[in-house]
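Asks: Sending over a structure as structure tokens; questions will come in a sec.
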Amino acid sequence: MAVSSTPWALVALFLMASSTVMAIPPRKAIDVPFGRNYVPTWAFDHQKQLNGGSELQLILDKYTGTGFQSKGSYLFGHFSMHIKLPAGDTAGVVTAFYLSSTNNEHDEIDFEFLGNRTGQPVILQTNVFTGGKGNREQRIYLWFDPSKAYHTYSVLWNLYQIVFFVDNIPIRVFKNAKDLGVRFPFNQPMKLYSSLWNADDWATRGGLEKTNWANAPFIASYRGFHIDGCQASVEAKYCATQGRMWWDQNEFRDLDAEQYRRLKWVRMKWTIYNYCTDRTRFPVMPAECRRDRDV
């Protein structure tokens, strides 16, 4: 039988070929109820828990968005969430899943899903803030429709690197480059947050496309509320020095050859913006970019 040449078929072939030599992925998250590790933070009446708290819906309408956060703060670990994004015409709508500290010179690790008009792909924007400095945006298209089913978005964070994953495929690496003068998140515990809100002043085509409220309510669905991190709400020094957790071990200090191959695939096929190659904003390439293999 002839093989289809559609983009989706090519993606499937790539993933099947990759599965023959699998890199070591982060551990699979364990599903637990929302209330075990998270609490609502605003617009409680725009959230709905289903199936005994194993599933959560965030609801955005013309009046308000909504959000939640983790109960504890964490310093290093593996942080994941199963998310199904709002469907249809979602221009102007942003769904975010991120870690952030709370002080002025804050650290932050971001997934932001930027909605689009019906038929146009959602954009996934990632960013890393260190010591209050961000401006490290990367944007990709996803190789699937993120509103059709749940997909897993996760961050591996240890003393050596931060890795963003989509369904265990690495889409971005931010290495510890302190020796190059680049700050790295290592001493500020972070909470996990997620929110759904209207950002039509910037999210879609730089704010040219406005939210169509005739399509509201917009609903983002969540599962997988386990947190596999070192809780530092009381004693951050323990998390920074103990080194016995699985994410500290040698196999998680760098990507292996197969993971770098997948990262290159994302960079070559799906990346639409990379701050490392933006010479208008950065005439001199940021120091971390070569180490992160982003050029």
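Glycine residues also receive a Cβ, built from the backbone N, Cα and C atoms like all the rest.
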Asks: In Swiss-Prot, GLU112, GLN125, THR126, ASN127, ASN135, ARG136, GLU137, ASP201, TRP202, GLY206 are given as binding xyloglucan, so which of ARG36, ARG281, ARG290 is in that site too?
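Replies: The record-listed residue among the candidates is ARG281.
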Asks: Looking at Swiss-Prot, which one of CYS239, CYS276 makes a disulfide with CYS289?
Replies: CYS276
Asks: Most Cβ neighbours within 10 Å: which of the disulfide-bonded residues CYS230, CYS276, CYS289 is it?
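Replies: Comparing the disulfide-bonded residues CYS230, CYS276, CYS289, the most crowded Cβ belongs to CYS230.
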Asks: Taking the residues GLU112, GLN125, THR126, ASN127, ASN135, ARG136, GLU137, ASP201, TRP202, GLY206, ARG281, which the record names as binding xyloglucan, find the longest CA to CA distance and state it in Å to the nearest whole number.
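Replies: Taking every pair among GLU112, GLN125, THR126, ASN127, ASN135, ARG136, GLU137, ASP201, TRP202, GLY206, ARG281, the longest Cα gap is 21 Å.
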Asks: With H, G and I counted as helix, E and B as strand and the rest as coil, say where DSSP puts GLU108 (active site, nucleophile).
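Replies: In three-state terms, GLU108 (active site, nucleophile) counts as strand.
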